[in-house]
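Inspection log for the structure reproduced underneath, given as structure tokens.
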């Protein structure tokens with residue numbers, strides 16, 4: 001496993017992307033890496049595409065991932081996975097939630113939601129792991145933990161041990177929700193090889 | 001948020017600046033919300049021993065901070081880049097008065113216009129107003145530079161600007177906690193020759209400004225925030241702010257002169273550094289600010305002939321410009337349906353803009369806030385948006401230019417917080433000079449776009465404590481408006497009727513469109529009905545779809561599919577409400593003429 005890397009989170013405003021990236025950042029920090037994370041607030045949060053860049057290593061300068069340099073893409077929605085194709089390289093891992101959220105033009109009937117669009121990634125030899133994060137979250141009894149289930153799935157591709165992630169959940173999530181989120185993390189981690 | 005037992009914290013640039021201000025002993029802080037600066041004030045309010053407030057606009061905020069400084073307190077003003085335009089009036093003269101307690105202005109630029117109407121480079125203000133400006137490269141430096149800015153401010157008797165950008169404000173990094181400095185006592189001290197800027201005094205202070213900037217230039221040569229990082233290779237870089245990180249990523253071995261203070265510049269240091277390299281490259285976001293001043297010093301360098309002067313930079317762009325041979329092949333983007341931001345499901349603004357969208361002959365002079373999204377299809381109900389408060393004044397100017405032709409066709413639309421920021425004087429102008437235009441104030445009880453900050457009409461202070469709430473109707477009447485009408489924009493029918501009446505009225509009228517933002521915490525908690533679609537009744541008329549609500553989607557049908565569903569073969573499709581997303585506003589039920597949308601009493 002690599003000693004530095006770039007993790008890109010993408011999705012739609014309101015899907016819990018900031019919490020997922022925050023949890024991942026904490027796990028990386030606790031594992032001893034330097035970490036920088038970049039988010040966009042404001043206009044971008046009204047149902048638009050949302051992204052967070054997370055970079056870790058011995059010393060990180062730039063808070064932004066270069067095109068062609070995302071080692072892992074954690075996408076919370078199918079279109080929002082494919083939208084970030086220019087950030088990927090052929091050895092990237094894409095962990096994508098199979099949820100579809102219709103963009104306005106599709107909801108208005110002016111465009112259609114592309115079918116089988118993840119094949120665009122697979123055809124470029126990119127490793128795509130599609131997860132039904134809601135089903136995973138439902139299996140532990142908390143639909144709102146879908147974002148943490150995604151982090152669990154993604155953690156398979158990192159050197160940081162799952163125990164560190166579980167400790168990071170204690171640091172980043174309100175106490176009363178920790179247990180269910182830990183279950184979601186473990187179930188999400190297991191879902192990749194299910 | 002702490003991530004280990006020691007003193008290391010994981011903070012955004014804005015959180016780090018708030019901590020830095022607290023550690024520097026700031027006593028009074030005032031600001032107006034604006035992305036990407038907003039979280040500084042919200043965070044600072046959580047610390048003991050510092051007074052924070054939301055001001056109605058940035059000019060007010062800076063003047064409050066200046067007054068606090070005159071009383072001997074360390075004071076802070078925060079704003080986004082365009083906010084400094086509003087505060088430019090006090091800024092230029094505060095450079096003359098100087099300070100008593102340290103005065104620091106945090107100015108947040110927004111390259112790439114993630115959430116702004118322009119991407120002005122406010123380093124130019126430091127030059128124009130003759131003020132020192134610091135520019136950090138990451139959250140840790142941002143915190144350090146706040147403390148540094150206060151010592152400079154008091155040492156040089158000047159306000160100091162700290163310029164951050166979106167990728168400082170909203171980047172998280174590791175920051176070390178420090179101790180709070182001793183907070184100086186405040187008192188009244190009269191020094192009218194220094195603080196009363198009548199021409200006679202100002203001419204004396206004008207000389208002091210030049211002396212101070214000369215002293216700042218001296219300091220710049222030796223301050224540790226300006227530093228040379230030696231390296232190898234024929235190329236050397238001059239850079240500052242977030243761009244420094246991109247140079248370090250792209251050219252880790254190259255010699256770099258990093259400027260922590262971007263105005264005034266250390267001429268000797270720059271000249272000496274230039275002499276050590278074959279080629280000097282300036283890497284900076286937006287304007288060729290450093291490059292221009294280096295060239296004015298006669299230092300040969302390259303910059304904007306290589307590096308873009310628009311948008312954000314990143315290490316990829318820097319490498320592409322300066323070392324294209326290092327760039328590998330990159331996957332081309334696919335053409336996909338865009339996902340622009342949209343007004344939320346249940347947003348009260350939608351009902352109002354739906355009404356305006358049906359009045360195609362009306363020019364809608366818009367303003368800055370969530371409601372600017374009323375511009376987007378399918379509503380497409382905004383025709384101009386320039387700056388805070390300009391909706392009202394532009395509408396007035398249009399009406400004066402159009403005369404009779406514009407009667408019943410000119411409307412200004414702005415939010416409650418924007419109205420208080422800089423709409424009130426424009427409305428007074430309308431009353432004083434007369435107009436037939438209509439002003440619509442979208443009163444959603446908060447400053448929504450920037451994350452629901454309280455304001456003078458919300459009834460709460462920045463800390464959530466009870467505060468007097470401005471009575472907008474009474475204010476408009478006091479300004480001299482005769483026609484003031486309040487509507488509930490969720491009642492789409494009544495709203496349309498009121499819009500028609502008031503817009504056609506020969507007199508100035510103000511419509512207050514009042515309903516709380518659905519994202520306010522108390523609204524999120526409120527039990528709401530849910531609306532659902534009786535698909536059997538849907539005729540595919542698309543009236544509800546044309547509201548652009550994210551909870552309503554359209555399913556197209558072929559004639560065969562339509563018949564199979566029991567519709568006429570001509571029906572092109574049907575609309576459906578996503579009950580999970582529905583916020584129960586009922587606007588769609590108002591516009592449906594076929595009883596296809598029904599209310600269900602249920603907690604959402």
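Backbone N, Cα and C atoms are what each Cβ position is placed from, and that goes for glycine too.
Because TrEMBL annotations are produced automatically, they should be read as predictions rather than curated entries.
Straight from TrEMBL, the features:
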- B:538, B:541, B:544, B:592: [4Fe-4S] cluster 1 binding site (BINDING)
- B:549, B:582, B:585, B:588: [4Fe-4S] cluster 2 binding site (BINDING)
- B:528-560: domain '4Fe-4S ferredoxin-type' (DOMAIN)
- B:573-602: domain '4Fe-4S ferredoxin-type' (DOMAIN)
Specify the secondary structure state of residue B:588 ([4Fe-4S] cluster 2 binding site) as given by DSSP, simplified to three classes. helix
When you average the Cβ positions of B:549, B:582, B:585, B:588 for the [4Fe-4S] cluster 2 site, which other residues in that chain have a Cβ within 8 Å of that mean position? B:345, B:346, B:531, B:547, B:551, B:552, B:577, B:583, B:584, B:586, B:587
Closest by Cα to residue B:582 ([4Fe-4S] cluster 2 binding site), out of the binding-site residues B:538, B:541, B:544, is B:544
Express the predicted model's confidence over the domain '4Fe-4S ferredoxin-type' (B:573-602) as a mean pLDDT, rounded to an integer. 92
Starting from the [4Fe-4S] cluster 1 site formed by B:538, B:541, B:544, B:592, give every other residue of that chain whose CB sits within 8 Å of the mean position of their CB atoms, in sequence order. B:533, B:539, B:540, B:542, B:543, B:545, B:575, B:588, B:591, B:593, B:594, B:596, B:597
I need the most crowded of these binding-site residues: B:538, B:585. Count other C-beta atoms within 10 angstroms of each C-beta and give me the top one. B:585
If you count Cβ atoms within 10 Å of each one, which of the binding-site residues B:541, B:544, B:549 comes out on top? B:549
Reported as an integer number of Å, what is the Cα distance between residue B:549 ([4Fe-4S] cluster 2 binding site) and residue B:541 ([4Fe-4S] cluster 1 binding site)? 16
So, by DSSP, how many helix, strand and coil residues make up the domain '4Fe-4S ferredoxin-type' (B:528-560)? 8 helix, 9 strand, 16 coil
Given the binding-site residues B:582, B:588, the candidate whose Cβ has the fewest other Cβ atoms within 10 Å is B:582
Within 10 Å of residue B:588 ([4Fe-4S] cluster 2 binding site) (Cα to Cα), which of the binding-site residues B:538, B:541, B:544 do you find? B:544
Tell me, how many other CB atoms lie within 10 A of the CB of residue B:592 ([4Fe-4S] cluster 1 binding site), whichever protein chain they belong to? 21
Tell me, in order along the sequence, which binding-site residues from B:538, B:541, B:544, B:592 have their CA within 10 Å of residue B:585 ([4Fe-4S] cluster 2 binding site). none
